[in-house]
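Listed in Swiss-Prot:
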type    : residues                               : note
BINDING : GLY165, ARG166, SER167, SER190, ILE231 : NADP(+) binding site
Amino acid sequence: MALRLDGKALAKAVESRLQAQIESNLPQAGRPPGLAVLRVGDDPASAVYVANKEKACARIGVASYGAHLPSSTPFAEVLSTIQQLNADPRVDGILLQLPLPEGLDEGPLLMAIDPEKDADGLHTLNLGRLLKGEQGPRSCTPAGVMAMLRSQGIDPAGQRAVVIGRSILVGQPMALMLQAANATVTVVHSRTKDLVAHTREADIVVVAAGRPGMVGAEHIKPGAAVVDVGIHRKPEGGLCGDVRAAEVEPIAAALSPVPGGVGPMTVTMLLVNTVVAWCRRHGVDHDLADLLS
């Protein structure tokens, strides 16, 4: 039976560290960290995600500055809102909640966010910093995956790792982080021939394909660590991931559940990026570097 990579429990432990960091540095900083979440439109899933982030902020003492614009908002107004948040001295982290309504190009809007306030780690400058091994905000989901592996003593160094999916949101930064941890990394995707031949050789498999139940027992070698980034609503109710967990659990050494795996750590890493940015702005020390390496 696979070890459970419990993202919910780890997120709670990291939140405790963040809360202690805030309490320690608040007298010198003079104000709490601030996270602004910009939501455009009325996507129901986005509303739930934003509410979860606001609750997480409240738990650890981060001030939350939400902004909600109607779906009819023109590009120029969304851009202006981002620029206002860039200039707001209370705000240390900015998140543009995706997806955006049809007709709004997310690329230029993400690039308009001040790289030092880029709570999601998606700005081109911060992806470049990741590539070069420099300090900066890290992409939240991949950073959360790395923290989950480390928390269970799973060291990628010298291991074969396969990342399924090549999105800029997860797949590509995930591959860079695993490489930085000295894994030998292969990225596979929808055009890859003989997917099983690649995944069956892997010691670590990160599945971020966005396809429900894509990965089963035939893809995984015995003893591998499997991280399921996918989350989908099943027609009959409930949630599932990209991995057929019932098949994989008996043969994997470790498996992240859905829900309760990567999702909670994605939110927590958003807070880590925000708190670290706050510390840097005020010239105070922090002990969170292990979460961003």
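The backbone N, Cα and C atoms fix where each Cβ goes, and this holds for glycine too.
A 10 Å cutoff on Cβ-Cβ distances gives ILE231 (NADP(+) binding site) a total of 18 other Cβ atoms nearby, all chains included. Note on GLY165 (NADP(+) binding site): other Cβ atoms within 10 Å of its Cβ, all shown chains, come to 24. Maximum C-alpha to C-alpha distance over the listed NADP(+)-binding residues GLY165, ARG166, SER167, SER190, ILE231 is 18 Å. Listed in sequence order, the residues of the same chain lying 6 or more apart from SER167 (NADP(+) binding site) and placing their CB within less than 8 Å of its CB are ALA208, GLY210. Taking Cβ-Cβ distances under 8 Å and a sequence separation of 6 or more, the neighbours of ARG166 (NADP(+) binding site) in its chain are GLN172, VAL187, HIS189. According to its DSSP assignment, GLY165 (NADP(+) binding site) is coil.
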